[in-house]
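**Student:** Residues annotated as active site, electrophile in Swiss-Prot, with sequence analysis given as evidence: H95. Here Swiss-Prot flags E167 as active site, proton acceptor. As annotated by Swiss-Prot, substrate binding site applies to N9, W10, K11, G173, S213, G234, G235. For S213, the entry in Swiss-Prot reads phosphoserine, with the evidence type sequence analysis.
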Amino acid sequence: MRKRIIAGNWKMHKTLAEAVQFVENVKGHVPPADEVDSVVCAPFLFLDRLVQAADGTDLKIGAQTMHFADQGAYTGEVSPVMLKDLGVTYVILGHSERRQMFAETDETVNKKVLAAFTRGLIPIICCGESLEEREAGQTNAVVASQVEKALAGLTPEQVKQAVIAYEPIWAIGTGKSSTPEDANSVCGHIRSVVSRLFGPEAAEAIRIQYGGSVKPDNIRDFLAQEQIDGALVGGASLEPASFLQLVEAGRHE
């Protein structure tokens, strides 16, 4: 049975004081790490303080993106070495907002995935279709292409450690969400792609999240699906009480 992973993506929200207070409020109340991986992915500026605040607890801290190079003339960027040095555990890569607003390509995402593994970070690799692609019946093809390109060059052992987040673009921040059955079908397709590329053991081990307007009142419907191993949550992860409801739902019944 795969351990579930519930990750909050704060995006560009909170002040440092608010972020630290959030961690102080939740860190003693998340489920044990051997039952659920509870993760907060915060803005770069907060990571150092949040890692310190969460130290010794079952709450893990993640970043929302990174550069693929260890160092260099990349003004404004943050490297995997810097994140690892801070004690960050996870990093979100290839989020649709990064792809749409900052021109990240599948090739760039792949470079970042490879760099994450080189530096001992666990990537949460995002994929998902637009509304137009969905209406054209291209969901499986689009997602399969994104996953195949993102994972290129990895070993089966590395793939087992990765996390994939299926986030249909049309469901992010819109209040609309895929049906649990639809999401399960796409996540199952992702697992079949991983099996074809890296073998059944890797496919059985890799964890696949659903994301897209996940809330405390619908998360259990998604987690009840066989192929869904967690959730990547935006707005509903910003309040301590809501976040704790989400991670508590991650326990296997």
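In case you wondered, yes, glycine gets a Cβ from its N, Cα and C as well.
A quick note: this is a predicted structure, and the numbers were derived from the prediction, not measured.
Would you situate these features in the structure and describe their surroundings?
**Tutor:** In the three-state DSSP reading, H95 (active site, electrophile) counts as coil.
In the three-state DSSP scheme, E167 (active site, proton acceptor) falls into the coil class.
DSSP classifies S213 (substrate binding site) as coil under the three-state reduction.
The number of other CB atoms found within 10 A of the CB of S213 (substrate binding site), across every protein chain shown, is 20.
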**Student:** In Å, how long is the longest CA to CA span across N9, W10, K11, G173, S213, G234, G235, which the record gives as the substrate binders?
**Tutor:** 14
**Student:** I want to check the contact list for G234 (substrate binding site): same chain, sequence separation of six or more, C-beta distance under 8 angstroms. What comes out?
**Tutor:** G8, N9, K11, I172, G173, G211
**Student:** What recorded positions among W10, E167, S213, G235 are found with a C-alpha within 10 angstroms of that of H95 (active site, electrophile)?
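**Tutor:** For H95 (active site, electrophile), the recorded positions whose Cα atoms are within 10 Å come to E167.
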**Student:** Report, in whole Å, the straight Cα-to-Cα distance of E167 (active site, proton acceptor) from G235 (substrate binding site).
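**Tutor:** Rounded to a whole number, the Cα-Cα distance is 14 Å.
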**Student:** About how far apart, in whole Å, are the alpha carbons (Cα) of W10 (substrate binding site) and E167 (active site, proton acceptor)?
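**Tutor:** Cα-Cα, rounded: 15 Å.
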**Student:** Near W10 (substrate binding site), how many other Cβ atoms are within 10 Å of its Cβ?
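**Tutor:** Within a 10 Å radius of the Cβ of W10 (substrate binding site) lie 22 other Cβ atoms.
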